[in-house]
Each structure stands twice: as C-alpha cells, then as structure tokens.
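As written in TrEMBL, here are the features:
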TRANSMEM  27-50  transmembrane segment
DOMAIN    43-294  domain 'G-protein coupled receptors family 1 profile'
TRANSMEM  62-88  transmembrane segment
TRANSMEM  100-122  transmembrane segment
TRANSMEM  142-165  transmembrane segment
TRANSMEM  198-228  transmembrane segment
TRANSMEM  240-262  transmembrane segment
TRANSMEM  274-296  transmembrane segment
Amino acid sequence: MTAFNHTGVSHTVFYFVGIPGLEDQHVWISIPFFISYVIALLGNSLLIFIILTKRSLHEPMYLFLCMLSGADLVLSTCTVPQALAIFWFNAREISLDRCITQLFFIHSTFISESGILLVMAFDRYIAICYPLRYTTILTHTLIGKIGVTIFLRSYGTIFPIIFLLKRLTFCKSNIFPTTVCEHIAVAKFSCDDIRVNLWYGFFVLLSTVTLDVVLIFVSYMLILCAVFRIPSRDARHKTLNTCGSHVCVIILFYGPGIFSAFTPRFAHHILPHVHILLANVCILAPTMLNPIIYGIKTKQIRDQVSQVLCQKKI
C-alpha cells in the first residue's frame, strides 16, 4: 500500500484506511454497521412490498415514501458492504473506475433523496391547503413524471463529474482515510488544477440540495400559515400531526449532513476518525430509521405491517 509521488504517474488503484486511528477496533465498529444495514434492508424492503401490494396505500404520500425507501436501499448498499469488507476482510483496494462508479451512485442517490423529501413536503402542502383537490392534483401520472424528473435531475447533475475526474492525473496519493469514495476527496489526489471540480461541486450542491432545503422551508411556512387559520385547536393538532413523520425524516437526513459538511471547514480540532464516523452516520441513520419512523407514526402503515407479520406467523 505504498503511495507514490512521481511526476507522470497516475494512480489507477486506491486503498482505504477505514476509520483512521481506530484500525484495531474495526471488528467492533463493524457490529453496529452490520446491524444498521440489516435493519435498513429489512425495513425498507418491507415498506416497499407493503405499499406496492396494498391498494389502500396507493396514495401519493405512500408512493413517494416507496421512492424514498428505494433510494435508501441503493444508498446503503453502495456504502455499507464495502465498509464491512474493509472491517472484516481487510479488502482495502479499489480501482479508479470502480471508485468513480461508487461516488456517482452515492452522490446521485443522495440528491434523489433530497428531491423526494421536497416533493413529500409539496404533497403535505397540497393535502393540507387543498384537501378537496388532493387526488385530482397528485394523479398517478403526475407522480410518475415527478419520479422520473427527480432521478433525471440527480443522475444528470452528477454525470459530468465522471468526465471531470477522468481527465485528471492522480499522482499525489492513493490512500483514502475513509471507507467510501467521494468526489472532492478523489479530486484532491490530482496534481492538476481542480478548480473546475470544486466549482462544479459547489454548483451541484447549490442547485439541488440547498435549493431543496429552501423550498421545503417555504412549503412548511405556507403549511403553518394554513394550519393556524384553522379555528379548532384539535383540528390544528391533528393536521400538524400528519407532517410529523416527514419533519423527523427531514431533520434526520439534512441535520448530520450539514454538520458533517461544515465540520472539516470550521472545526479543525475534531479528530479525523470522528469526522469519518459522522460521515457514515449520515448514510446509515436515515436509511435505518426512515421506515421505523413512518411505521410507528403512520397508522395505515403500522396496521398493514401488523397484518403482514401476523399472516406469516399463522
């Protein structure tokens, strides 16, 4: 695992450290990783199965939730198995092409999840502000078009990164102090000018995730304005309760991500392994807890899960 630094040498193979400074604890660290991944797989798969097979759940809110669960499955599968391979089998090597493929799916799926959370906020806005027109506005055709638009936006914005990375010569290092590949982390190994990568990465962040956060905030401001116009206190509480699951998922998705993004820029005293562990939590926590949150807080899903599990026991 020697890192070369000769002019004209471009690395085509990279190596992962795992969790720097905690290499001797990798086996123990792998336990929560494995448990979280199994819960994420089972929870999201069960949620997708129930929503697709139960006609009573073929409503906009649940169809968007089905998309979110699908994205959770992809995101966790792109990251956790590789981390477990590092922890269990010391499988640290990865080719440049495979690294670029991984970061493409990680970044695009993350943007997809952000887009899905935005349309789920739009769904709650329509349900609360225009309840009588809810099903006529959010038809299955429109939901399908929204889904296609979300995935086209995510893959379309990340696709140029493939060519931005392939043009670079990687001669600084080939050691990743982490468990996954990430765009700027790979670009920093280059001896070439990476300003285009940095600016394009900033543009992608600004035009997707940042824009989504702003629009979600606006949606909930409009929702709150509509809710506080309702005269009955019980009716206000019941209406707000329909947004509870979505708000929890939003905080869980954006909160650790924002903290992880700003930590290396403004908190230089934080140890590297803390930042790496936090970056993994950003992926593991939402994918594991999203189906649990919706399963607990949404009566229709809770009833259907209980019915499916009881049938299997019989």
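Cβ coordinates come from backbone N, Cα and C, glycine included.
Those TrEMBL annotations? Automatic predictions, nothing curated.
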Can you find at least 3 Cβ pairs under 8 Å between the transmembrane segment (100-122) and the transmembrane segment (240-262), where each pair is 6 or more residues apart in sequence?
-> yes
For the domain 'G-protein coupled receptors family 1 profile' (43-294), what is the mean per-residue pLDDT, to the nearest integer?
-> 90
